[in-house]
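Record features, source TrEMBL:
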DOMAIN    2-102  domain 'SRCR'
DISULFID  Cys26-Cys90  disulfide bond
DISULFID  Cys70-Cys80  disulfide bond
DOMAIN    128-228  domain 'SRCR'
DISULFID  Cys153-Cys217  disulfide bond
DISULFID  Cys166-Cys227  disulfide bond
DISULFID  Cys197-Cys207  disulfide bond
TRANSMEM  266-289  transmembrane segment
Amino acid sequence: LLRLVNGNDCAGRLEVLYNGTWGSLCSNRMSQLTAVTVCKQLGCGDGGEIAADLKYGRGSGPLWLDHIECTEQHSSLWHCQSDPWYPQSCNGREEETHITCTGRKEATSPAAFAECPNSTSCSDREKLQVIGGEDECSGRVEIWHQGSWGTICDDTWDMADANVVCRQLGCGSAVSALSEAAFGQGTGPIWLEEVHCKGTELSLWNCPAKPLFGKNCDHKEDAAVNCSGYMGTARVCRGEYLILYLLHLHFHSDPPRRPATGSTRLSVPVILCIILGILLCLVLAILAGQIRRARAQQR
């Protein structure tokens with residue numbers, strides 16, 4: 001989401017990724033404190049300065065942000081105050097931001113970048129969770145970014161966004177898209193606002209959204225979901241698969257050769273038990289879904 005280009009990892013023209021497009025940042029009102037914040041965020045030491053005279057060349061993408069003002073209390077550019085996102089935030093390329101940091105990135109293992117919660121590689125599913133609900137399919141939506149779990153602001157949060165989250169979690173479709181910290185307030189960063197999913201995306205990461213700059217949102221506005229699926233139902237049904245597997249072994253394994261007995265007749269009760277087990281599993285799944293919908297409507 002943030003990089004320095006046309007120089008090296010720790011010096012260059014400052015760019016951010018927004019709505020899938022890299023663009024520059026304008027330098028109006030920008031102080032050395034903002035440069036220091038960027039350098040720290042990129043792991044390029046504790047010092048930096050704004051380079052003059054378009055030292056690292058002109059950009060070609062949008063000019064996304066202007067009037068960015070960081071203070072000593074800010075540990076990330078995403079927390080600093082700025083004007084709203086706009087593709088022509090300043091008058092021209094001569095106002096693009098160029099930064100030179102005093103340090104260099106140290107060689108680190110992939111795990112040091114904390115791209116995943118529990119390992120050095122992970123899927124989008126593992127970087128998404130819901131917290132505070134009754135099960136793994138309802139709660140406050142949290143995403144993993146920059147080494148920590150954070151929430152999503154409920155601005156523009158709707159059923160299309162909730163459907164993408166529920167599907168990504170393996171929890172069926174959305175019953176409701178909840179706002180105003182319906183499952184309690186989070187405590188970490190608020191990573192995103194104004195998520196705009198169409199509802200057909202396979203992952204929340206494929207939806208347009210804004211990184212949260214400044215204090216436009218607080219944890220009273222944490223987004224949440226209620227999904228129709230219940231992951232616990234899958235656990236109930238695992239016994240069904242075990243029974244079917246045992247039945248497969250019973251009929252397809254090669255038993256020791258011996259005189260025919262009444263074993264075929266004895267298998268009839270086993271088959272009846274399997275059928276009853278499957279029916280019971282389906283009934284439990286239907287009841288679990290109805291209970292969840294009733295609770296969601298009560299909220």
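Just so it is clear, glycine is given a Cβ too, placed from its N, Cα and C backbone atoms.
When the disulfide-bonded residues Cys153, Cys207, Cys217 are ranked by how far their Cα is from the Cα of Cys80 (disulfide bond), Cys217 comes first.
Each of the disulfide-bonded residues Cys153, Cys207, Cys217 was ranked by the number of other C-beta atoms within 10 Å, and first place falls to Cys153.
Geometry remark: Cys217 (disulfide bond) versus Cys70 (disulfide bond), CA distance 17 Å. Around Cys166 (disulfide bond), the same-chain residues six or more apart in sequence whose CB sits under 8 Å from its CB are Cys137, Gly172, Ser173, Ala174, Val225, Cys227, Ser228, Gly229, listed in sequence order. Note on proximity: among Cys26, Cys90, Cys153, Cys197, Cys207, the disulfide-bonded residues of the record, the Cα nearest Cys70 (disulfide bond) is that of Cys26. When other Cβ atoms within 10 Å of the Cβ of Cys26 (disulfide bond) are tallied across all protein chains shown, the result is 25. Each residue of the domain 'SRCR' (128-228) gets a DSSP state, and the totals for helix, strand and coil are 17 helix, 35 strand, 49 coil. For the pair formed by Cys90 (disulfide bond) and Cys197 (disulfide bond), distance between Cα atoms is given as 29 Å, rounded to the nearest Å. Computed over the domain 'SRCR' (128-228), the whole-number mean pLDDT of the model equals 89.
Summary for the disulfide-bonded residues Cys80, Cys90, Cys197, Cys227: the Cβ-based neighbour count within 10 Å is maximal at Cys227.
Taking all protein chains in view, 23 other C-beta atoms sit within 10 angstroms of the C-beta of Cys70 (disulfide bond).
Residues in the domain 'SRCR' (2-102) partition by DSSP class (helix H, G, I; strand E, B; coil) as 16 helix, 35 strand, 50 coil.
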